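Single-structure report; data block below.
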Amino acid sequence: MKILFVLISILYAVYRFSSEEDVDSAYLANELEPVEDINSEQYAALEPKEEQERSCAGMGQDCKDDCDCCLNIATCNCWFGRYFCSCTFGDYQTCLRKKGKCKRNRPQSCPRSNLNRKKG
């Protein structure tokens, strides 16, 4: 009984292996048509779109002046005069300066730290 079971298993494995080779070789020889994806239109909407240019620069991004930086307290810090400029953290005075100077990305309010207030 065990021998019969092993023999049938071997014959089935040989049959499956040979039929897969026929399908693979027919597909490689272009005898079979590839299966079309009926949901391809559905996934077309999920493709990433090109990123549009932002009106302001985030922290660490390139800038030309303080008005290019997004955050209220962000300042445009330049190395060697006007070269290699990027947005970095500023302070309360930076925010006040941006409020008076900038037409776009103007801060609505300037955050003030609670560290220097006297209690008591």
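Quick reminder: no glycine exception, Cβ is built from N, Cα and C everywhere.
Per Swiss-Prot, the features are:
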| type | residues | note |
| --- | --- | --- |
| DISULFID | C56-C70 | disulfide bond |
| DISULFID | C63-C76 | disulfide bond |
| DISULFID | C69-C87 | disulfide bond |
| DISULFID | C78-C85 | disulfide bond |
| DOMAIN | 56-95 | domain 'Agouti' |
| SIGNAL | 1-19 | signal peptide |
Structural state of C70 (disulfide bond), classified by DSSP into three states: coil
Neighbouring C-beta atoms (10 Å sphere around the C-beta of C69 (disulfide bond)): 29
Listed disulfide-bonded residues among C56, C63, C76, C85 whose Cα sits within 10 Å of C69 (disulfide bond): C56, C63, C76
Pairwise Cα distance for C87 (disulfide bond)/C63 (disulfide bond) [Å, integer]: 6
Per-residue Cβ crowding (10 Å cut-off), top of disulfide-bonded residues C56, C87: C87
Helix-strand-coil residue split for the domain 'Agouti' (56-95), DSSP-based: 7 helix, 16 strand, 17 coil
Between C56 (disulfide bond) and C76 (disulfide bond): CA-CA distance (Å): 12
Candidate nearest C63 (disulfide bond) in space, where candidates are the disulfide-bonded residues C56, C70, C78, C85 and distance is Cα-Cα: C85
Neighbour tally for C70 (disulfide bond), based on other Cβ positions within 10 Å of its Cβ: 15
PLDDT averaged over every residue in the domain 'Agouti' (56-95): 86
Inter-residue Cα distance where the pair is C78 (disulfide bond) and C56 (disulfide bond), in Å: 17
Long-range Cβ environment of C85 (disulfide bond), under 8 Å and at least 6 residues apart: D62, C63, K64, C76, N77, C78, W79
